[in-house]
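Structure first, then comments.
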Amino acid sequence: MDTSSPQPPARILAIDALRGFDMFFLTGGLALVLAALGLIYEPMPEWIRYHATHVEWEGFAAWDLVMPLFIFIVGAAVPFSMGKYSAPGMRSKAYLRIFRRVAILFLLGMVVQGRLLGFEPKNMALFCNTLQAIAGGYLIASLCVLHLRLRGQIVTALLLLASYWALMRFMPYGDSQAGLFLPHDNLALHIDKYLQGSWQDGTNYSWILTNLSFGATAMLGALSGYLLKTPCLPVKKLAWLLGIGGALLLSGWALSYDTPIIKHIFTTSMVLWAAGWSYLLLALFYLILDIARLTWLAFPFIVVGSNAIFAYMWIETPQCSPEHNISRALFGGLARQSGDYGAFIFQLGNYALIWSVLYFLYRKKTFIKV
């Protein structure tokens, strides 16, 4: 990992702020928001409870957007980060950067959920974590941006979407018929179990064939990055973001009558639906930060997003998570003595601790990247 502070290429503020917004909820922000809402609602409304948890299988809640949104944002940054490698003689450096980042993300994913540091191969899970999905999406998007013109990238995104849809709908496997979308019987999961064997993590999430969808999600993000790089008027960019987002939502909804929206296996309808919301969120952030120039609103999220991978590893590794050790020691006693306000006080203190560490790194210009 590189802990230096290189000068990043100029980017749209909305992309970096949206990354931090996504990470805010993933690193404890959701628990803080729910604790605050718990002071207002008793009991918690069912619609809030629904959107604050992952859907068991078919359907889509707001919390299900966190993973595809992050892959989308990674893709949105690719046209900016790959721009400097378009010069002659820079391809080898680009490949080194891409494959190094993919390898590190894959290994970190195994550390978080694959029990890699247990050093017991029989107990490891090979492909099992969001970071590995990001690695797959980033690999596809980066190579496409590096080698293809915009039209070729659009065609590639469509081919990825169509290929995954066609395989899931029409390819028979094992003793099962084609087109099944059941929790423990579908083509994507069958391929995972067949290829990973005992290293499959035992869940009904799919990863290997689903790299087609991870790549499509990242490519849809990359296309938004290209749009934001164009020299046209900001209002036109906003209109395009809104229009594309609406079209993707409509497409995902229409396709859901043929292929259900299932985040566990990243069905094509889910990719379109999630990408639609991602475009609309990006449009909102672009309107607020890059058009209205209310940049002060971005700062709390920029702090979180500037060390997104570090924050994710810190929170998602149980032995390191502040909620399970430091925060419990610092705020647990006060929370227990605070009655109905206890949960909110604990979560507020916990996230203040997390944000303070990230702010310290930000002030020191220490950006832990892969």
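All positions are counted from 1 along the displayed chain.
Even glycines carry a Cβ here, placed using N, Cα and C.
The structure displayed is predicted, hence computed values, not measured ones.
According to TrEMBL, the features are:
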type	residues	note
DOMAIN	14-109	domain 'DUF5009'
TRANSMEM	21-41	transmembrane segment
TRANSMEM	61-82	transmembrane segment
TRANSMEM	124-146	transmembrane segment
TRANSMEM	153-171	transmembrane segment
TRANSMEM	205-226	transmembrane segment
TRANSMEM	238-255	transmembrane segment
TRANSMEM	261-289	transmembrane segment
TRANSMEM	296-315	transmembrane segment
TRANSMEM	341-362	transmembrane segment
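Residues of the domain 'DUF5009' (14-109) grouped by DSSP class, helix first, strand second and coil last, total 74 helix, 1 strand, 21 coil. For the transmembrane segment (261-289), the partner stretch with the most Cβ pairs below 8 Å, chosen from 21-41, 205-226, 238-255, 296-315, is 238-255. Listed by sequence, the residues of this chain that lie at least six past the ends of the transmembrane segment (205-226) yet keep a Cβ under 8 A from its Cβ atoms are 12, 15, 68, 71-80, 127-128, 132-134, 136-141, 144-145, 150, 153-154, 156-157, 160-161, 163-164, 167, 186-189, 191-192, 195-196, 241, 244, 248, 264-268, 270-271, 274-275, 278-279, 282.
Put simply, of 21-41, 296-315, 341-362, the stretch with the most CB pairs closer than 8 A to the transmembrane segment (61-82) is 21-41. Residues belonging to the domain 'DUF5009' (14-109) score a mean pLDDT of 93 in the model.
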